[in-house]
Amino acid sequence: MDHAGDAMRTDLMTITRYVLNEQSKRPESRGDFTILLSHIVLGCKFVCSAVNKAGLAKLIGLAGETNIQGEEQKKLDVLSNEVFVKALTSSGRTCILVSEEDEEATFIEPSLRGKYCVVFDPLDGSFNIDCGVSIGTIFGIYMVKDFETATLEDVLQPGKNMVAAGYCMYGSSCTLVLSTGSGVNGFTLDPSLGEYILTHPDIKIPNKGKIYSVNEGNAKNWDGPTTKYVEKCKFPTDGSSPKSLRYIESMVANVHRTLLYGGIFLYPGDKKSPNGKLRVLYEVFPMSFLMEQAGGQAFTGKQRALDLIPTKIHERSPVFLGSYDDVEDIKALYAAQEKTA
């Protein structure tokens, strides 16, 4: 009998064990972050279960309401938002919540407050629920100096001030990708155990990739640098092979593929939407944080994405993120345009 093999299967690094290990490296830690993360993990498990049962439980379809973005809300959108608001509030470790689904920030009542602000998109890509495409939850976490007097200014910070970010993808498996500021790790939900197990330790994005990811349906409205970059991807003049286009209307799915395989994800501004469509706080910042922690880059067309200082909780920004060298290429095109302007 292969006892060594059995031992390998039983020595599982769960996400809770991983975070506790990280906590032990910081003597000043009191366990607040671990408790907060456990509530986020619980929310992800609940939403994963709801997504898997959506068709049977009649959660597919519209809820008959629109969110602050003017988008029709799916039933799962509404449910997912309620799940995360309740999970984060009951943790006793948050003071402000910003959700894609809510017009205003949620200020936690004083008796339940903690030192963290959480920004999140409870169900990114929900447009694809009905057809079974991978969708996900995106989140970012800030820490405040004084939670008793916390204001909106404590949330409107540059992304570089985040203490953690991640996403949970609900697809063929349920995968949670997390960074606490010291690299990126991926955990997969084992349904038989009900635990997220470390399956992708220390994720590093390749320096250059063979894939680009963009909605080419908007090409006629793109600016010069984006148009030139995509042309270069399809028709390289340096003798290299063309890049392959891979795109689906789910940021989590696109970014997850880019993170693992390399390449670049582009959501530029255009003539119709000069500021792009992705929200800074709970889409651009968390994904940019993860990309940088994995060795990649994130750029807005003007500056490093994580240096942006938002002025509104639902502010939008263009973003180009992915492999370091691929993002360098599009940065060079924007720099060249600046020189000729």
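Glycine residues also receive a Cβ, built from the backbone N, Cα and C atoms like all the rest.
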Of the candidates LYS115, LYS208, LYS277, which one does Swiss-Prot list alongside ASP124, GLY125, SER126, PHE127, ASN215, TYR247, TYR267 as binding substrate?
LYS277
Taking Swiss-Prot at its word that ASP121, ASP124 bind Mg(2+) 3, choose the one of GLU22, GLU231, GLU249, GLU283 listed for that site.
GLU283
One of GLU82, GLU100, GLU148, GLU153 listed by Swiss-Prot as binding Mg(2+) 2 at the site of ASP121, LEU123:
GLU100
Fewest Cβ neighbours within 10 Å, where candidates are the binding-site residues SER126, ASN215:
ASN215
Residues close to Mg(2+) 2 site centre defined by GLU100, ASP121, LEU123, Cβ within 8 Å:
ASP77, SER80, ASN81, SER99, GLU101, PHE120, PRO122, ASP124, SER126, THR137, ILE138, TYR282
Closest to TYR267 (substrate binding site): which of the binding-site residues GLU100, ASP121, LEU123, ASP124, GLU283, going by Cα position?
GLU283
Cα proximity to GLU283 (Mg(2+) 3 binding site), best match among binding-site residues GLU100, GLY125, PHE127, TYR247:
GLU100
Measuring CB to CB from GLY125 (substrate binding site), give everything in the same chain under 8 Å that is also at least six residues away in sequence.
VAL133, SER134, ILE135, GLY136, ILE248, GLU249, SER250, MET251, VAL252, ALA253
Measure from the Cα of LEU123 (Mg(2+) 2 binding site) to the Cα of every one of the binding-site residues GLU100, ASN215, TYR247, LYS277, then give the nearest.
GLU100
Just checking a number: largest C-alpha distance across ASP124, GLY125, SER126, PHE127, ASN215, TYR247, TYR267, LYS277 for the substrate site, rounded to a whole Å.
18
